[in-house]
Every structure is written in C-alpha cells, then in structure tokens.
Amino acid sequence: MAVSELYSKSARVWLPDPEEVWRSAELTRAFTPGDQVLSLRLEDGSVLEHRIDLKSNRLPPLRNPNLLVGENDLTALSYLHEPAVLHNLKVRFTDSKLIYTYCGIVLVAINPYSSLPIYEADIIHAYSGQTLGDMDPHIFAVAEEAYKNMARDERNQSVIVSGESGAGKTVSAKYVMRYFATVSRSSVQANVEDKVLASNPIMEAIGNAKTTRNDNSSRFGKYIEIGFDKKNRIIGAMMKTYLLEKSRVVFQPLGERNYHILYQLCASSHLPEFKDFKLSCADDYLCTNQGQCLAIEGVDDAADMTETRRALTLLGFSDSDQMSLFRILAAILHFSNVEVKAQSADSSSITPDQHHLAMFCELMGVAYQDMAYWLCHRKLRTATETFVKTLSKVSAVNGRDALAKHIYAKLFGWIVDSINRTLKFAATRRCFIGILDIYGFETFDVNSFEQFCINYANEKLQQQFNLHVFKLEQEEYMKEEIPWSLIDFSDNEPCIRLIEARMGVLDLLDEECRMPKGSDDTWVQKLYTTLLKQNVHFDKPRLSNTAFIIHHFADKVEYQCDGFLEKNKDTVNEEHINVLKMSKVKPVSYFSVFSMECSLKTDTNSTSSTSKRCRQGPASKVHKKTVGLQFRQSLTLLMDMLNATTPHYVRCIKPNDQKAPFTLEPMRTVQQLRSCGVLETIRISAAGYPSRWTYQEFFKRYGVLVRQKDVQTNFNQTCKTALEKLIEDRDKYQFGRTKIFFRAGQVAYLEDLRSEKLRLACVSIQKTLRCWLARKKYLRMRRSAVVLQKHVRAQQACRFVRLLRWTNAAVVIQKNVRMWAGRRAYQRERSAAVTIQGCFRSYKARQSYYKLLYEQKTVVIQSWVRGWLARKRHQRYLAAVVLLQSCVRRLGARRELKRLRAEARSVEHFKKLNVGMENKIMQLQRRIDQQVRSVSSTDAHPRPRHSLGLYCFVFVVAESQAALETNRQLEKELLEERAHYQSLLSEHLQLEERHGDLQDKMNRSMYYGPVGQTKERTCESYFRGGSQRQELESENKRLKQDLGSLRKSLTDDSGPLAPPKPGSMPYNVLLEQLDCSNEELEMRKEEVLLLRSHMVRQTAFKHKVGGLHTLNEDGELWLAYEGLKETNRVLEGLLQDQGRAHQQEVQEVRRELLGVKEESGRQQQLLAQSLLLPKEAQVEACLQHEITRLANENLDLMERQEGQDKTVRVLKQQLKSYAERLEEFEGNSSRWPIGIPVNITRKEKVFQGMLEYKEGDESMLLKNLVVDLTPRSVAVSSLPWLPAYIIFMCIRYADHINDEERVSTLLNSTIISIKGVIKRRGKDFETVSFWLANAGRFLHCLRQYSGDEDFTKHNTPRQNEHCLTNFELSGYQQVFGDLVIQIYQQLIKCTQDQLLPLIVAGMLEHETAQGVLGSMPASQRKRGASVAEEADAVTVETILQQLSLFHGAMRQHDMDQELVRQAVRQLFHFICAVTLNHLLLRKDMCSWGKGLQIRYKAWQLEEWLMEKELSDCGAKEALEPLVQAAQLLQINKKTPADAQAICAMCSALTAPQIVKVLNLYTPVIEFEERVSPTFIATIQDLLRDRSEPTTLMMDVKSVFPISIPFVPSLVVMDAIQIPASLHLGFLTRV
C-alpha cells in the first residue's frame, strides 16, 4: 500500500506549531500525488491550506487511531514520530493522571508535582514477581525487572536515572532503593535496608540545593551499588559520587540557595549544643544570602536538621563526629564573612579584630595571625630561593573562597567515606544492582565548565544507550529468526572524540592549565585554530570571541570560556593547608579531612571510595591531575562498569517550570525528550519493525477481516494467509517464530480496515434491523386497522339493536304507566273510605273496653284489700300464740336445768355413782387412823404425800388433756374461719361481677331502650334498676366490711394464731369456750378433792388394819402409777408432734394467706386499671394478665417436671441396678441338670470412654498419632476427628487417676507436636485442614466435657458421665483456641499461595466470551510466548476447580461448618483484592468488554457459592468491590446524572479507586469514548465528603476476625474403636 493512500479524506495529521509544537488537523480532501497543498480543518473548526515542500516532498506526519492513543508503550504506536510521542504522553499525563510510560526499554517518568498514592507497600507487593509489561508502567516494574534478572541470571544490574534538574531523579532513585529494601531483607542482624535508605537525607542535606528549576536539586552525581548474597538479600551498599558543584559554596545565583545543611545549621543555632558556634540566621552570612532566597515554601529547615541528625546516628556517626562535622560547617559560615581590605593595587590586609575570622580560627583550632597573614600573602618558590608575595584584594578573596570550597569538598568526601564504611558488605557479595542518579543534559543562557562536564557525561551515556538499544533490537530479530539489516542511527562518537580525544577540548584545556601565562582567552583561540575547521560538531559564535559552540546529540550549546581554567585547576594555597595542618584540634576525622598526606588518590569530585594512606610528600604533588582529567577517568570507569552490567533506563521529564501539578508544556517536554534519548529510541524502533503482535493476539483482534473459509486450525497459517491478502507489500511485515512484525503505519492501516469492516457490518445490521422494525410496524398497523374495523361495525350493530329495544320498551312503559296511574287513583279512594270506617269503629270499641276494664280493676282491688286485712289479722294472732308457748317452755327448761345442776352437785348423787366404794374408803380411813395413832412419834406421812403427788399428777394430766382439746378446738375453728374467708372472697367476686353486669344492663336500658317505650315505663325501669343497684351496693359494701374485718383479724401482728380482739366474733366464741372449760375444770377439781379425801380415808383405814406394808399388797397402785407415767410420756410426745405439725401447718397457712393477699392485691390493681381503659384495652389487658399467669404456672410446672424427670432418672438407674442384681441372684440360684449342654454368652464389658497408657508413653503416642500420621491414612476411617478423640480419652484417663503431671505433659506435648507438623508441612493444604479440624474438635471436647452447664446441656446422660472430674482445663481451652487460630491462618496462607498464580490469569487475562469487543492489543513488552500460553491455560474454571478441591478437603475432614464458611469468605476477599489491585494497575484491562468479562466471572463464583450452599457466609459481599468496579466500567460516564449514579452504586470502592478506574478507562473500539476530565472532576467533587480510607489498593493481607463457636459431638467415648493401622496397641480401653 502506497503512503499517499493513507492521506485520504478525514485522515488526521500533525502540523508544526510555534506554541504547542504540534497541532492536530483533519484532511477535508484526499491527497493525490502531485498536489502542492493539503486542505485541512483544525480542531477549533478553522480551515487551513498547508503547503507541501516540493523539494523534499515530505507530508505532515499522520496521527494514530484513537485505539492506540494512551498506550503504555510508545513503541506500540503505529506511527512513531515526535508528535505521536508527545500527544501520547500528554493524554496519559493530563487526562489519565499517569506519570509513567514505557518507550521501549526506557521508562519515561514525568514529575507530577503532586503526591500520588502509588508508592505504598501494597503497590510494591503487587509488582513483586510480575513480568515487565504485564502491569502498567511504574518505577517498581523497572526495579522488579532488575531484581529478577539479577536473581535469575546472576548478573549485575544497573538502573540509570537521568533527567534535568527538577525532573524527579532523586525521588525516583529513592523509590528504587525502597523497592529493593522491601522485597529483600538483609541477612545480618543490623537492618541494612534502613541504613541504605537513611543515607538519602544525609546526601540530600550536604549535596542538594535549591535552584531556579528545582527546590531539591542534586548538585552531584552518585552511583550506589547495593550488594546481594546468594539468597538475594541485601548485605551492604557502596556509594560513589561525581562532580560536586563546589562553586555553590561561595556563590549562588539570584533565587537559589547554598547546600541545605548550612541553612539547617542556622535554623538550629538556638540549640544548647550549638551555642559555642555563635551562629545567627542565614541572612547574616555571605555564603547563604547571595541568592536572596533563605527559605523554601513548605520546608522546615529545623525539622530537616532533626531528620539529618537521626540519619547520622543510624549510620554510626558518634556524637563527637557529628559535632565535629557541624563545627566545620559553622567555621565555613564564619569564614565566608571574613573581609579583606585593599591597601594598594597589589596588596591587601585583614584587620586584627575580625570576629568571624577569630571564630573560624577558634573552631578550626589554628592561629589567628597565621591565617590572617597567609590570606593576604603567598609564598613563591623558584629553583634557588623562596620569597613571599603580597596578594591583591581580588586574589585574597579568591584564595579565601578556594579554601572554603576545598574544606567543604573534603568534608563531603569524608562523609561519603564514613557512610561507605557503615554500609560495607557484611558477607561475600554475589551480585549487585547499581543505581545511577546523574544529571541530565543542561543548557542555560550562560553555560560554564560545570555544564560542559555534565553534557560530556550525557554524551557518553547516550552512546552507551544507543548501543544497548541497537543490541536489544538485534537480539529480538535473531530470536524470532527474521532477516535483518544494519539499522542506521545517529552515532555521537564524533562529538565524544571532539571532547576527549588528543588535541580535543579537554586536552587543550589541560595543556593551557600547565602554561605559566595561560588564560581563558588564549585557550579559546587555540580551540578556534585547532577544531573549527576540522570537526563539524565544533563552531564559533558570530558575535563573540570568548565562547564556543558544540553540537551535542540533543542540541547545540554555547559555552562561555570565562573561568574554565581556574575551575579546571582547582588550586588551593599551599600555605593555607599548612596552617590547617598545625591545628590544635587533632581528631582523626579532622586529620582525614585536612591532611594532604592522607588525601584520596583521586579527587572527591570523581569518586568517594575508601581513602588510602599515602606516604608524605610535597603538597603540590597532590594536585597534579586537573578536574577535567579526573572527571574523564572516573567517567571511563563508570562506562566500563555500566557495560559490564545489564542497564535499565529511567528518563525523568520536567513538565513545566512553574511546578504546576499535572500541567504539561509541550515545548519544554519536547526539549527534554530530544535530550534524554527517548526520540532516538523511537527512531531506532521505527527504522525496523516497531509493531509486534503474537499470532493469537493478531487473530483475536483482526479475525473479523478473515473470511470464514480462510480460517484454519493453525493460527499461524491463518494469519499468514490473511496478511497476504490484506497487505500486498511483503516488506511491510515479517513473520517471526512467535510474532508478526509490522512496519510503521501498518497497524493503523489494519485498524482502518477493521473499522471499515465493522462499519459495514453495522450498516448491514442497521439495514436489516430497520427493515424488520418497519415490517413489524406495518403488520402491527394492519392488525390494528382490522381490529378497529371489526369493533366499529360491531358498535354500529349494537347501536341499531339498542334503538329497537328502546322503541319497544317505550311502548310497554307507556301502557304500564297508564295502568298504574288508574289503579293508584282507585286504591287511594278505597283506602280513604276504609280508614274512616276503621277509625269510627275503633273509637266505639275503645269506649266499651275502657268501661269494662274499669269495672274489673275495681273488683280486683276490693278482693286484694280484703285478703290482705284477713292475713294481717291471722299473722298477729299466730305470733302471740307462739310467743306465749316460748315463754312457758323456757320457764320449764330453766327449772329443769337448775334441778339437774343441784342434783349433780349433791353428795347423794356422788354416792349413787360410787356405791360400795364408800365402805371401802371408810375402811381404809380407819386403818390409816389406827396406824397414825400407833406410830405417832415416827414420821408417818410419806404415803399420804405420795398419794397427794398422785392426785396432783392426775390433775395435771387432766389439765393437759383439757389444753389439748382446747388446742384442737382452736385449730378446727381456724379451718372453719379459713373456709368462711374463702367463701366470702368468692361471693365478693361473684357479687362484683353481678354488679358489673347489672350496671351494664342498666346503662343499656337507659340509652338503648325500645323506640316505642313510653315515658312512664322508662322512669319506672330506671327507678327499679336504681333501687336494685342501691341494694347491691349496700350488700357489696357490707360484704367488703366483713371481708376487711376478717382480713384484719387474720393479718394482725402474729398471724393466724394472734389473739382476737374483745368484742369480735372469734373473741366471743373463744370466751364462751373458755367459760365452759373453766366450768368443767371446777367440776374436775371437785371430783379430785372427793377422790383425794376418800383415798386418805382408805389409807388411814389400811394403816389401822394391816400396817404400812399391807397398804399396797397386790401392787395395783404402783402399777397404776407406772402406767400413768408411761401414758404421760406418750401424751407428751404426741403433744410435741402435734405442736410441730401445727407450727408447720400454721406456716403453710401463713404463706398461703400471704400469696392470697398478693394475688388479691394484684387482682384489685388490675381491676382498677382495667376499669379506666376502653373495652378493647380491657380485653387485651386481661389476656395479657392471663398469659402472664399461665406462663408462670407453666414455668412452675416445668420446674416440677424437671424435678420429677431427675427423680425418674435416679429411680431408673436404681431399678436397672436392682434388675442386674436380681438377674445375678437368679443366675446364681438356678440349678441346671447335669449332662445338658448350655451356651454361655459372655457379657459385654461396659467401658468408661478412657484409654489407659503408661507414664512415658506420651512421646510414642504423639509420634504415631500426630508426627507420622498422614491424613490419607485416617480418611478411610468412618469416624472423623479420630486423633482428637484418642488424645482426649487419654486426657480423661489422666484426669481419672488424678495425675496432674500427666495431664499437663500430654497437653503441652500435643500442642508442640501439632505446631511442628504445621511448620514442616504447612504448604500441604490437606495436612493443614486435617489438623485444623482435629484441633477444633479437641477444643470442643475440652468444652463439652468440662462440666460447665453452658456446654453440658447439649450432652446426653451418657456423655455427662464422661466429664472431667479432677481438673479444670479452661486455661488450655484458651491455648487450643489460639492454636486453632494459628492453624487457620496457615490454612489461609497456604490457599492464597496456591490461588495467587491463578487469579490474575483466570479473572482478568482470560476471555471467556471472545468477540469483536476484545481487549486491547497486547503490550510490546511481553516478550515470551510461553508466558502468554501459560496465562491462556488458566481460566476461571481452573480457580473454581481449585476452590472445589479446598472445599472438598475441608468437608472430607469434617471441619466445622463455621470455619469452612469463614475460610471461603477470606479466600473470596483475597480473590477480589488481588483482581482489583491488578485491575487498578493495568490500563489495558479497563474497558467495557473487560468489565463484562469480570462481571460474568464474578457471577460464576457466586454460582459456585450457591452450589456449595455457602451463599450466606459473607463471601458474596466480599466480592462486592470487584463487581462494582466491573459495573463502573460498563455504566455510562457522561452526564451529571451518571456521576450521581456512579457515586451511589460504588459504595464498596474508595474515592481514589473510582477515580483511578475512570482515568484508566480505555476504549477498545471506535464507538467508545474516553472519560472526559470534566466528568472525572465532577466525580471527585461528589466523593470529596466521603468519610472513608483514601487508600488506592485493597489490603490483600487483611484477615477477617475468626470466631470458633461451640459445636457439640454426638459421639460417645466408650463407642470409639481404634484402628490397628495407627499402631496404638500400647493403649488399653478402660
């Protein structure tokens, strides 16, 4: 295809522009060969005609299609030229906020002048282990590539960071060092990584300064070698420095500052340790105030001083070394203020009272007079003599400045040497990675010796870069077996030879420095004479004779020759050095700084390697080498070192001079792109085949251009066949072994063909769809017309029928109306006549009725009155007769009572009762009298006394019986009173209910009576109801009074046994009973007296007759007495038992009475409350009260039932034991006949669920059961958690025998053994899941059999018998809980390690549904086809299979379901975090089609959860951030309403994540559009008020809190059988 064919209509081109460098335009007319102008339309709509140069016939560069705009790699662009590179960088930087872009092997880093959240530890871990190009460009990707190449190839690497001042070189180098320190940990005890990082603030303080372009510009170059050992861990570092800008110590341009350390020291001068320095503010010293810029915005010099001192301490600088360092810096500050006065044109002097010189001498420890003298004098030596020469003021000031620069340079070198000594390699270094932070190409208005050296170094680096790029291109072509030819590129070797060759610029400069009368003017004239006509890279300015021009690779630079010789010589007065040698302060640090005998072999400007001592010699011999020669030699060594390593390039770009964030000035950017070699890389790539696609990617993207019949099973052959038909020129592409190589512009051509193909397909689809829609619309309209016609005709027919019906109905209505009118008139007349007749007849009838009624009522009244009078009279007579009879009968009864009482009290009656007894008593009395008289002198009274005691005893017994009867009577009355109280209470409740019912009836009768009821009846019923109500109220009141009195009598002070009050009913009853008892007592007393007298008489009679010993001959009286005593004891026991029973009954009655009182109070309160409520509320309140009462009763019944159940269980156990004993007894007692065979069955032994083991068998047990056990050997067993059960049964045995030492030993050994297994086989998921399940079950066993009611309530009775009895192991429960958590964390880590290689490939890279909405073209940095094939082999089904394996293993080992759910949730969070983090770091994955793919894969994960019944475990919520990110890629992103919807939808994403996805969104096809910066700004405004973390990356290592709920087991310990495969024969079941 000819190039001119690409310039068709609507093609876009780039036009040069003086301000924007390049402007975009669109062709309004196709270009044809021979046209002299191009018709263009600019982006602002203006029309322009661009004239074509006829000589060169060069057309404007074409613009890349939108698909390729914003590419991660500039070499992937179809058109490789300057405007394409600039536009791609601008789109990425300003629109997408991406600061890193690849350009072949170069990483272009644009300084954003804003802090970005892309350098956290999560980002470092995300890039660790990734292949360069798999993720978005980043400084960490380059660092990872260098680290991986070093570890894989065992070859030294170099990271070259370059750029002009302010481009961010130092920050980029620090991030590279931070990456190495994070991914590699040191092998020594001291943290070498922290020390390496700590060197940055020190070097920035002593080597960085503020310039007009950068607030923290490095004024020196440095190369840091970070050493690694065999395990790729940092073991040390070494730093080399280049070309320190010493002139800044004594001079700073306007707007710039000196080195930071001087300002930090002035800001900290108030500290006590710095008081002796006598410093003031920085504005008071000449070396810090020349630039008139004393402070930097946003920088605190005092705080930076603290950070610098902290870093010095970390790197091993002692306090004395630090004070020595600050002392020298303070001396330099004072020394800059030393004033020199001119005495004449050739002489000068210093006043003897100069404060600053005195402070300098004091701090340095030198004599004031010597220093003052030699500042103004100089010693000259000739072959024969030595003499002293005075110096002019200018020479003296130059000597002062030279000494200050020399002191600072030596101090700088000493600090670097000290840092290197601290960071020296602690072990043998296998490889190293060097980080070169060096100045970029510089060109100013006035360029001097420093710029010349810097540009010379960049020339050397550019040459090395060109050769390396060319080498890589050559290797790529050879690898793909493509024929290649030598690529022509601009070599800068002539420019380098101009500078460093013999008779070059540096050689002539050194020669002029050796001349006694050499000057800058004579040197520049030699340059003109020698180089002007011999080298095309050297030129002379037209209007100047003191400058020269060198054409560098980046641009031509004009150098002013003033000061070249002086800076190249870098001379210091020898006498100044001698004065410093005589310093009184002689620490080793000072000696290594100032002693010329121990100076470095090379100047500190070239390197700062470890100094070597040299023998003492003349000081002048030290400065034989000039600065230019030293710099050239050190640069040569640097190039040799870089060539011996594998370089990695980072080019830093400064986007603008105003330091505005994310603002790119095209002119400044293009200048730096030209100078840093990026465009040269583009040109080298464009000279060959810059666009490279794998066969599979090419077919995936451009398969739509291949006809179906050309598609073959071999992708390579299909692509070859298709390309031969699409591109006729075979030189435009080449087929490699794994890739297709295209010339520049061919990918754009293929994109045009693809777009045209898709456009035609869209047109065809639109045509077919519109035809289908039109036909569907026509058919729908036709069907509608037919339906309308049908309904219209039906409507017309209906209307006609309705008209006929209406006509017929009108006739019928007329007929009926007329008939109705006539009939109504007749009926009205007839009704009137009948009414008149009825009224008259009724009137007559009522008159007759009233007359008859009056007469009848009169007769009735007469009869009732007469009957009432007769009854009254009869009743009066009857009452008088009854009264008379009563009085007569009462009189007769009283008389009979008196007679009976008198008769009962008479002696005759008693005699009748004791017939025959009197004679006997008289006989006894006579005998007693005789004995008394015969024994008058002796004591004859014992027997009477005994008799009297007997009588008293009988009397006491009688009284006791009477009291017992009284007590019984009182108890009987108490029960009667209690029954009466219950009946009264029930009657009271019935009356209250009746009262309420009657009141309701009365109210209804008052307000809802019949309508026809008369007024008299209403009043009568009202008064009748009122009287009834009054009666009921009075009755109720009386009952309440009775009830109150009864309650009061029962609830007084001492309860039911309290004495009743006088006048009350119980009191009267008791009083009457007491009277009767007193009467009976009096009667008994009288009878006792009579019996006593008779007994006395009998005794006397017996004494008289038979003597004392014949009184009780038969022993009857003694036997009677003993019987009475025994009876008395029995009665006393019965009385006590009855008393105790009575007390218990009284207490029970009291409790019941209190309960009744409380219940009554609650009932009354409820009744009072319910009466105040409406009826519905009353019903609800009653129901609630009833529910509460029933619930309480239910609880009581449940408690009783539980008690009964316990009793039943105990009885069952007793019954079982009795049955066993009975069976044994029957078995022993039975007798079998001899000779009959009997089958004897062995009784099964009852085990207690314990395993007996000997002391010391713990190690053997754990070795067989834990250490040597494999999960597969236990998997065949039907019982899960077998190791846990076995160990716990051993614990039960140790607890059973009360051996605390065994328990603790076995538990501790078990923990150690399980931890050891997890440590050794922690990567085996099956092992970890197996021991997680068993450790969890053992923890549950400790809980289940601990005896705690919270756990034992789930046990069976048999399991409760197996609870631990002697030891409480709650402490070990906590220990095993921690062990379970530790194993769970190891399980999660093991699964994450196995899932990590699959997630990105399966969730992001693999396309489940391929089609025209495919992904972006693959990055050119993916070089290995094997990597792509491996990625294609992993799908989301692979992830699901791995998850199924994990889940199956966990279920196989019967892991607790809750732990399984938590593990699945954690794994899904890990999948979401890894996928989302890589999505945020890969621009090629942020498209509409990729969002559809991710959403589909997330749905597959959710379906897996539903299949495994884990939908409610929280795993679905853990995927929410990824699902929302996929939805964000698919949702519309244009209007403010879309912005509101995005903010509402993306609740699980943080604000930085949402903005990042929108910035990374890249259209895959032409019909998509990028997200506008205005829309992103709207999103940021809406998300500004979110109170959430502002982190960009999800925390992959975040772990959800784990909970271990108690899960009881139904397995009984005594039913467990131990397989023989476990080799546990030494255990015995108990």
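Here the Cβ of each residue, glycine as well, is placed from N, Cα and C on the backbone.
Quick look at what TrEMBL annotates:
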| type | residues | note |
| --- | --- | --- |
| BINDING | Gly163, Glu164, Ser165, Gly166, Ala167, Gly168, Lys169, Thr170 | ATP binding site |
| COILED | 907-934 | coiled coil |
| COILED | 967-1001 | coiled coil |
| DOMAIN | 8-60 | domain 'Myosin N-terminal SH3-like' |
| DOMAIN | 1308-1585 | domain 'Dilute' |
| REGION | 635-657 | region 'Actin-binding' |
| REGION | 1046-1066 | region 'Disordered' |
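Over all protein chains present, the Cβ of Gly166 (ATP binding site) has 21 other Cβ atoms lying within 10 Å. If you average pLDDT over the domain 'Myosin N-terminal SH3-like' (8-60) in this model, you get 83. Around the Cβ of Gly168 (ATP binding site), a 10 Å sphere holds 24 further Cβ atoms from the protein chains shown. Remote same-chain residues near the region 'Actin-binding' (635-657) are listed as 89, 93, 103, 105-111, 113, 139, 142, 145-146, 149, 153, 155-169, 172, 176, 213-214, 223, 242, 434, 436, 440, 456-457, 460, 464-465, 468, 607, 663-665, 668-669, 672-673, 676-678 (criterion: CB distance under 8 Å, separation of at least six residues from the stretch ends). Its own atom aside, the Cβ of Glu164 (ATP binding site) has 24 Cβ atoms within 10 angstroms in the protein chains shown. With a 10 A radius on its CB, Ala167 (ATP binding site) counts 25 other CB atoms from all the protein chains. Local packing around the Cβ, expressed as the count of other Cβ atoms within 10 angstroms, is greatest for Thr170 among the binding-site residues Ser165, Thr170.
When the domain 'Myosin N-terminal SH3-like' (8-60) is classified with DSSP, helix, strand and coil residues number 0 helix, 24 strand, 29 coil. Same-chain residues that are not part of Gly163, Glu164, Ser165, Gly166, Ala167, Gly168, Lys169, Thr170 yet have a Cβ within 8 Å of the Cβ center of the ATP site turn out to be Asn111, Asn214, Ser217, Ser218, Gly440, Cys652, Lys654.
Counted with DSSP, the region 'Actin-binding' (635-657) comes out as 9 helix, 8 strand, 6 coil.
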